[in-house]
Amino acid sequence: MASKIILLRLPPLIITIYTVFLKIQTTTSSPQPPLILPLISQTLPHGFVSVPTPSSRKLSFHHNVTLTVSLTVGTPPQTVTMVLDTGSELSWLHCKKNQNIDSIFNPQLSSSYTPTPCTSNVCTTRTRDFPIPVSCDPRKLCHATVSYADATSIEGNLATDTFFFSGSGQPGIIFGCMDSGFSSNTKEDSKTTGLMGMNRGSLSFVTQMGFPKFSYCISGHDSSGVLLFGDAKLTWLGPLKYTPLVKMNTPLPYFDRVAYTVRLMGIRVGSKPLQVPKSIFAPDHTGAGQTMVDSGTQFTFLLGSVYTALKNEFLEQTKGVLTLLEDPNFVFEGAMDLCFRVRGGVVPTVPAVTMVFEGAEMGVSGERLLYRVGDDVGKGKDVYCFTFGNSDLLGIEAYVIGHHHQQNVWMEFDLVNSRVGFADTRCELASRRLGMGP
């Protein structure tokens, strides 16, 4: 995840999504059986769940402002909970106990743990896409640092160990065993053990596992969901709409080449397209302005000029329907300055916002368009904010499609064919069809 992308992860840092472990009956043309991790939304980490089936390996996964996956690591296995992040490469675990960390992986208790030396190929060549270069510590071990937009940072050594999925172990997985750092949100960060990097980098979890694709589906109602690694034929799922991933062979200072970058071509409010130049949606000569699909970011953020055009058009089309919040200086999550007072908590019907990609469209409506911020901001329980934010206010020069707008959408990341596919569905029903729901 390039520096521009890394910054995205912070304000909404913990949306804990726990995926419910699914018992999936699938057929697959891939020689590698699919692996499933459940997702569900809760604030406390859940233990590893194993539901063996003849044809697949699975775990459970959850969500609540961060997508989290529970699994076991090491020999003997230790239970960990990791944030699922398609915008990061390096997977990492807290490896040192302190007063702000409740869950850690203890490498001293694992006989299969192996630190990575500075001279290894992993350290010298496979870390080339890290936004902060690795270094060599006094013990001649490969030292990595990861930083985020809100000044949060964490560092430690690269290492390998065995990761277990539904009782089946995968040895030699490379990850960061982190022992120091600074967090701007210790309360939330203490609830997980680490992060699972899922971008297209050579050290990301999905790359190391060698799966041709992965998919997830997040419910907007009961916080359940499903995460599927590999290829499975789901006959009940409608046809997916695909948009190609953008490839950039030339290194540019503000372009993350291992992110899931797609081509945003326009935005509509209702049936009316925004009146902005089409060129504003394309990266410039520095790489700034790419559009990334990021499960580690909660909401969707647009470059300032596009956000302003969207905000103005939405206000125009909702005159007399929505009541603006009386505090013009209120900005939710540091980048969402369009908020409303909704009496009685019943959101009226408003026009949908549609993001138009090359070959596909994603519509955002209803609960995904207006988010109740709750009473924690001191504005009362009836305050709702528009779920598109201004990336300029976060200091990032990119469009970011967050997971809130991916609710009740089956999301497929096809690594072999370099594309992202999606289809509207009811994710709680998807969980039941896969044998995970009640």
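From the backbone N, Cα and C atoms, a Cβ is placed for every residue, glycine too.
These come from TrEMBL:
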type	residues	note
ACT_SITE	ASP85	active site
ACT_SITE	ASP294	active site
DOMAIN	67-423	domain 'Peptidase A1'
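With respect to their backbone Cα atoms, ASP294 (active site) and ASP85 (active site) stand 7 Å from each other. Taken together, the residues of the domain 'Peptidase A1' (67-423) have an average pLDDT of 89.
The Cβ of ASP294 (active site) has 26 neighbouring Cβ atoms from other residues within 10 Å, across all protein chains displayed. Within 10 Å of the C-beta atom of ASP85 (active site) sit 28 other C-beta atoms, taking all shown protein chains into account.
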